[in-house]
Structures are given as structure tokens and as C-alpha cells.
Protein chains: 2
Amino acid sequence: MRIIALDDTSMKDILTDLLKRDPNNYGEYENTVREIVERIRKEGDTALFEYTRRFDGAAMNPASIRVTEKEIREAMKEVDPALLAVMKKSMENIRRYHEKQIKNSWFDTQPDGTILGQKVTALESVGVYVPGGKAAYPSTVLMDIIPAKVAGAERIVMVTPPGKDGKVNPVTLIAAHLAGANEVYKAGGAQAIAALAFGTESIPRVDKIVGPGNIFVALAKKAVYGHVSIDSIAGPSEILVIADKTADPRYVAADLLSQAEHDELASAILVTDSMELAEQVSEQADSFLEQLSRRDIIRCSLDNYGYILVTDSMEQAVETANRIAPEHLEIVTERPFEVMTKIRNAGAIFIGEYSSEPLGDYFAGPNHTLPTNGTARFFSPLGVDDFVKKSSIIYYSKEALKKAHKEIEAFAEAEQLTAHANSIRVRFEEEE
Amino acid sequence: MRIIALDDTSMKDILTDLLKRDPNNYGEYENTVREIVERIRKEGDTALFEYTRRFDGAAMNPASIRVTEKEIREAMKEVDPALLAVMKKSMENIRRYHEKQIKNSWFDTQPDGTILGQKVTALESVGVYVPGGKAAYPSTVLMDIIPAKVAGAERIVMVTPPGKDGKVNPVTLIAAHLAGANEVYKAGGAQAIAALAFGTESIPRVDKIVGPGNIFVALAKKAVYGHVSIDSIAGPSEILVIADKTADPRYVAADLLSQAEHDELASAILVTDSMELAEQVSEQADSFLEQLSRRDIIRCSLDNYGYILVTDSMEQAVETANRIAPEHLEIVTERPFEVMTKIRNAGAIFIGEYSSEPLGDYFAGPNHTLPTNGTARFFSPLGVDDFVKKSSIIYYSKEALKKAHKEIEAFAEAEQLTAHANSIRVRFEEEE
């Protein structure tokens, strides 16, 4: 891996490079996606089946598009029982962590009879997109569905593209079944997102769509945003490790490579104040690389978006992490909790040398659907909050409104909204 | 106002009519907005000043675009001291209510040394859009800025279009000053949104953009979503009143008209099981109408999007409210708190006959920036949560990881992510 002594110029270049991966920059596909979305909205199933034939090579009809109980039973036979046991353990951890995120409705009273508060209500229906293709990522299925279940969503609808044989990946199906999906439909791409947003004859409209996908899925989610809610638009994955000379270079190198294997756009960055560690990690990375099955992808992503940045101080290392706002941040320093207090921008923070990033991907419980590509500046990990909405509660007694009515009328008049003022005034006009 | 006996067909027609107001349907302006956004992104101030000249008729330069202390002092002289006093009282209520929304970071420990949690951090910078034009809405300025301040945002940047004279509305300016805006820039429309999203030489890039605007502003917010966070895309306003025969028809009619005066797309709906109340409210509305200064707007919005719906039961009335998912919902029935428990979808719920909707617009404290046009199914009122983001916290001790390491490796191998498995394995290979 390349080693760079960090200064303002190299920092700017790196930030520019990283942002090239932004899924929001692929304007060239926007018109295609818009056309797909509009056709699904107008034509429903007809357009959906046509796109599924064209893009997935599968013939679907109203009877075959929904996964049946029988298909689930058959899929169950194909899944390794050992994997099933691990998934169940992982599910338990995910559920327990997310249950701690549940927020109550609340209210506050005043002696004059005023009640103000917030009513928290689960979304009624949630759509979960799961990509198809060769690899199945059951961990993502668990991470997307369980928080919605914990929040209390009544109807969880999963969509995933069918293979040419009209079947969906059995592991994906079983993960969805275990996690509690109520309905699974064989549809993928922008057309599946549009179907969830507007509804078709076969697929119900939902309130929110979550889950990762390719560029067409990402752009379709953005296109339907506002008609439904969406989780953030997922970009390529990143890891940033802050380490000092006390870190074990083998662990750091292994963790960097673990993110680099996701795809060619993934980014792995070490920031350290120790040139010695920098050199050791670089060597270790090279030596691991030879043994890893996905070495071609890793090499490509490290060449493009992998960096070992050497800083003058740990303060500069922390500042660098905050500027990059990585999806995954590992802190492997002498006093990692002290460093954590200074982190403003990161999706998930892994603290200490035994909190390796894949622990979070699979097992610990916190969600692995995290803000990518610098969006940790303003987006949060997927969680229970994503599957509830709030309503303000306002109750004023006659006494309380009477105390305030002249002020409210004055404010409304100042904004020239005289019907607003009138609605307060009529309640007291007979008394004056 | 027209009175309709509600059935499935009329319900569907009304839902279709209401959705015609959706700002997401104005595809025709999308290309214009995209061009403006791209030019600001590439050319910065040059494009910004050009658009400001073209759309606002004002000549701006790097020295004049930012509002100065002197301009604020001058604006202060122009504001009615009585309005200032009301704004301060209102601000106090807004601040107190939003302070109750503050959430702490939290963590949870296990006996094996595991620490899991969420770190809550305020966004660093927030952009607030305030429309220009003849009318000033200082209440909206307060509602947008105060929650960001309460959340702890360091830098609050307001943008608002200048008049031809290069000045901004004094009341808007003073509201921003009182609420705690750090910087105010004279820029409006899609160009101001793009400037906040990408930064120009004069205007800093922010993490999140909030505030209402016209269709160009709404589409620009959607276009930059993902580069920054945004609040929901604001559509036209609505009120829905659920009332039974115990309601005072004068109060109900006045409240319906108060929302109808916002603009021609505003919607005012009464749902009641009492034909007698329906007729009385209709009459009252006509009689108020003649006295109100904005009667032309009110008449237009009532003709297009005003309804008095008569249901067979209060259950059907509640079901209707949940399907429409109104921005503002008033419950004026014999036992309004019981009805409230059945409401799933509403931005703000006003309970009882003295909780008139304008009370919430100006005074009570809960935010008046609310999800419109059916989006209360999935969006929430603006609040402190909008100005913070969360980071997951994961700490495993060696002991804790050791207990789990084989399961994590198995899960990673099942997803064919061998570098993920490797990063866990290296930590224990010497012990086995």
C-alpha cells in the first residue's frame, strides 16, 4: 500500500478522489431510471414483468412473482444447518441491540392544563431491497429487517431479483424468513423500487424502502424519495483505521484488506503518527494479499482508494478521520476511548484491537447498514428510528389559550395571515 | 363548502385529487433545476451572482452577499417592538419544547467486557432556506433555527433572496438574529440550495439544508439530497378536523379557513359523523369568508381541495384521517384523547376545542415544519433529531471476541468474504 506523509494538499487530493465514488454523480443513468420509474407508476405489473424479463431473463406473472410457503420450505433444505445456527445467534444480538433503541412516546404537562408531547408510531409497511447475483448476503437481510420488526412495522415486504430459473437465492430467502419478512416478491432493479413506491397489482405500496443495490437501485431510490421515505443512498464501503505505535500491524493490515475486498470502489485507509507502523502494515498487507481469494478486487481497490497516511500527531489523525467521515472507523491506540470522544463523523466506531470491523458486519448487534462516502457527517446507521415517525401532540385548556390568545393573534397579523388570527379570536370574542 | 357522504369511491377520488398537489410531480422543471445545480457546483460564485441578477434582479458581489452587523442593527429599528416581544415569548416556548427532545449518547456493557452503544453528535453546520417575496414568515425562521441550536449545531447559515435593492426583509433578518443564525447570505432559489450543498467562494458548504421554498427550491433540495441531508420536501399545507356533534361549528369553520388561506393548493377537510355539524360548518365558513382579507385564496383552495366528509361512524372518520395522513389534525370530539390513541398518521395532533391549529403555528412550542401531502405516513415534524447523527460504538474484549470468533468466521466464509474471515482469524491463530 502506498504511504503518504499527510499535508493539506495531499488531504485535498484524497478527499477529491474518494468523492469520485459518489453514486449521486452518475447523472448519465438518471433518464433511464426516470423512464423505468414512470412506466411502473403508470403501467404497474405489465411494465414490471417486461423489465424482469429484459433485465433478469425471468418470466414472471401474478401467480409466480410472490414467493410461496413451499418455496421457503424447499429453500430451508438447501441451507447449511451450521450457517443457520450462526444466523440465529447473530439475529439474537442484532435484536437485543436494536431493542435498546426503542423510544417511547412522551408528554409534558403544565399547571394551566397544557399538554405537549410526541407520539411515536411504527411505520405500517416497509420495503426491503436485497440484491441478487451470484453472492448472497444474508447478514444484510437480517440487518435491514430486524430493526423494522423491533420498531413494530406490521408489514415487511422484501423484493429481490429472480434468477433466469425464476427462483431467488435460498440463503437470502431463509434469512428473510427467520428475520420476519411477511411477503417476498421476485423483482429487482429500479423497477422493484418503483413498484414498492407506487404499488402495482402484485406488489403493495410501502411507506419506506431500505437496502443496498447497484447504481440503478440507488438512483431509483432517490427518484422516489418524497413519495416514500428511503434509507440513505448506499455508496461503496470504507474503513479508516486510526492507529499508533502500540497497534499490531498484522491486525491492522487484515482489517484494511477486509473492507478492500468488497468491490473495486471500496476504500481502506490507515492514519497513523508512526512511520514504523505504516511500513509494517504496508508489508503485512502485501503478504496477506497473496493468500486471499479476492486478491484481484483487493489489489484494485487498494491501488485506487487505499492509503496509509502518516501524520505529525494523533490530533492530526483524528482531524483526518473527521474530515473523511468514514463508514467504519477503527481506533487502535494506547487509549482508544479517549480518542473516541474526539470523533465527530463516523458511521460505526470500533474501539481497541479486538474490535475488528467484521465483528460488526456479522455479529455484535449494531447495524452494518451505515452511512458511506462521507455522509456520516449527517446520516446515521440504520436503526429503529428509521422505522418510526413522530406526531406532535398539542393540548391547550381554555385557560391556557386565553392567557396567550392576544400574542398569537398579533403574530398571525404580523404575517398577514388574518384567517389564522380569526381562528383564535372567535374563541374569545364573546367574552370581551 | 361542499358536503360529501363518504364512501370508497369518493375516498379514492379525494386521495387522488390531494396527491395532484405533490411537488414531486413537477418533472418539467427538473432539467432546469439540474442545470442550475450543476453550474453552481462547477462555477461557484460566478454562477450564483449571475442567477441572483437574473432571478432576483439584484447585483451581488463577494462583499455584499453576506449580511453585516450594521444591516442587522438597521433592520432592528424597522421591527415593531410589540412583534419583537411576541417573538421572544414564542422562542422561549419553542426552545423549551425542543429541549425535551434531546437524546443522550448511551452504552450498554456485558460481563465479558463488551461495550455497545450509540454516540450522538450534533451536525457541525446547518443551512436554513427562507423564502423572500412580499410576505415575511418570521415564525418559520424560528422553527427552523431553534431546533438546530438546541441540538448543538455550531454553524447555522441562513440564505434568503434579496430584493432588487439588495436588501433582505428586516423581520426575517431579526428573527434569524434572535434565534441564533451565525451567518446570513443574500441568495435564493435553486442556486442558493446548490451553494449550500457544494459551497461557493462566498457561501460555505453545510451538512444539512432545511426550510420551505417554491418548486425550484423543493426540486433543488431533492437534487442535492445525498450530497447533504435535507428535511423533507415541503408541499402545500393541510388541515383535517375530526369532529362530532359536540363540536362548536364556528371554531371548526374558523380553523378550516385558517389553513385554506395559505395558498391555492392548501387543503381543508372536515370529517364528521354528524350531518348537522357538517351543514353548520359549511354555513359558518361562508359567513366568515366574507370578512377575511385573503378570501380569494381561501375560496380557490376550498373549491379545489376543501371537503366536508360525512361518515357513518367515528371509526370511519379516524380511518379517513389515517389514510389522508394530514399535516395538521384537530380532534374536536367528546373524548378527544381516546380518538388520539387511534391516530397513526398525522404531522401534529391538536386535541380539544381550544387547541386551534394556529396555536401550533406560532406559539405552543412544537415545530410547525411538518410532513405534508400524505408524507406523515413516514416523515416526522422537524426536531432536534434532524440536527444530530449517531455513530455506533463497538468494543469487544479479547475474551468476548474469542468466544465468538469461529461463528463470525463461518458467517463471513458463507458470504465468500474471505478477507473478512481472515481479519478475525489472525487474532487467534497463534493460540490454536
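Cβ atoms are placed via backbone N, Cα and C, with glycine included.
What TrEMBL annotates here:
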ACT_SITE  B:E327  active site, proton acceptor
ACT_SITE  B:H328  active site, proton acceptor
BINDING   B:Y129, B:Q191, B:N214  NAD(+) binding site
BINDING   B:S237, B:Q259, B:H262, B:H328, B:D361, B:E415, B:H420  substrate binding site
BINDING   B:Q259, B:H262, B:D361, B:H420  Zn(2+) binding site
>> Run a quick check on B:Q191, B:N214, B:H328, B:D361, B:E415, B:H420: which of these recorded positions have any Cβ-Cβ distance to chain A under 8 Å?
In response: B:D361, B:E415, B:H420
> When you average the Cβ positions of B:Y129, B:Q191, B:N214 for the NAD(+) site, which other residues in that chain have a Cβ within 8 Å of that mean position?
Replying inline: B:P131, B:V159, B:P161, B:G188, B:G189, B:A190, B:A192, B:I193, B:G213, B:F216, B:V217, B:A220
> Where B:N214 (NAD(+) binding site) and B:S237 (substrate binding site) are concerned, what is their Cα separation in Å, rounded?
Replying inline: 13
>> Just to confirm: which same-chain residues, 6+ apart in sequence, have a Cβ under 8 Å from the Cβ of B:S237 (substrate binding site)?
In response: B:Q259, B:H262, B:D263, B:A266, B:S267, B:E327, B:H328, B:T372
> Which whole-number value in Å describes the distance between the Cα atoms of B:Q191 (NAD(+) binding site) and B:D361 (substrate binding site)?
Replying inline: 28
> Relative to the Cα of B:Y129 (NAD(+) binding site), which of the binding-site residues B:D361, B:E415, B:H420 has the closest Cα?
Replying inline: B:D361
>> I'd like the number of other C-beta atoms within 10 A of the C-beta of B:E327 (active site, proton acceptor), please.
In response: 29
>> Around the C-beta of B:E415 (substrate binding site), how many further C-beta atoms are within 10 angstroms, looking at every protein chain?
In response: 19
> For B:D361 (substrate binding site), what is the secondary structure by DSSP, using just helix, strand and coil?
Replying inline: helix
> Which is it, of B:N214, B:Q259: the one of these binding-site residues whose Cβ has the most other Cβ atoms within 10 Å?
Replying inline: B:Q259
>> Helix, strand or coil by DSSP: which one applies to B:H262 (substrate binding site)?
In response: coil
